[in-house]
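According to TrEMBL:
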{"type": "COMPBIAS", "residues": "403-416", "note": "compositional bias 'Basic residues'"}
{"type": "DOMAIN", "residues": "230-268", "note": "domain 'SWIM-type'"}
{"type": "REGION", "residues": "383-425", "note": "region 'Disordered'"}
């Protein structure tokens, strides 16, 4: 990350990690995974008689329905007092660390819409269909390149789609038109979802303090199949067109909420300030990893990667000669910045790669991308990796296995008596023509 500390970190409730992050990244905002915390609620509180009759809902209201720190403090105090939970050690520890996990305390930081560690855990999906528990090291290296190739091609396809396919605007708003021009199609759809919600909103001016206006906006929020009315507040400055909503959508997810957009409409704002356009959602931003030269590049199949590699070599030569002199370094820096501005202003739409997404990979009958080499069945070749499970089998499981074993032996004897085919009889087929391992069901945890 070029020596720059991350602005935000999400972990589970590991005490050692929390202490280490405070030392190494003192300026980073640390958050505890909300999913890991709330999944413990039944275990910690289900023993109370009032758990199902209202305690659980009251706790979730404290977590999700409070918009400010003061609201949370009042709601939590009422929750603890109502259900007499002052002696509960788990809830006391959660309250002590409330600034690390309660959403009301975390709205001042950008989280890209994340409140859990699912991005880390879902990296398993990057290798889904390419490796499995019994993949050896040599095969893993080959398959890593195949997985990276697929990711790069997906990125190129998405870029090409964003430049070549235009999602029509749903209004005549110049703000929507601006988002349409700059954002990727996926993010523009999210913006449009907020724009459609403006129709039902009627901002009410609460007070005015100099150039700052405070609006109250009543909105209907849907939770699964239920809906409830929630009042949000928006502070709007006429001087610098700065707006902040109590829902915290822009601060946390980087998308302007419908409440701020409704206030902009009330005040006749036609031009969108640049601070509300994030570079991370723009379609003209080139992701550097798509230009990395890898073993799957062949000839002129990816000309952009070839050009990237050749320019990199020239830059290394230039840097080697220029770094020895302070005067030359300043001259190079000035010229490079001028070149960056020039090429940024004259960006061309990306050209889509023509290589197939499965080059260098085999594909089984189910359409699952497999390995570049045939993978032997685990019935024939036992992997040297971790065992399938380290859990001790219960007595019932052992008895069930014994019964299944006896059933299989009885079935084999019956077939021998009847003169039928015996399982495992075709030894040559098992040794020299094993079926490919079906890795389509390799799973991963993906929570949001």
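A Cβ is built for glycine as well, from the same backbone N, Cα and C atoms used for every other residue.
Listed as Cβ neighbours of the domain 'SWIM-type' (230-268) (distance under 8 Å, sequence separation of 6 or more from its ends, same chain) are residues 65, 67-68, 103, 106-113, 173, 175, 187, 190-191, 194-198, 201-203, 206, 211-221, 275-276, 278, 280-281. If you average pLDDT over the domain 'SWIM-type' (230-268) in this model, you get 90. Secondary structure by DSSP for the domain 'SWIM-type' (230-268): 14 helix, 12 strand, 13 coil.
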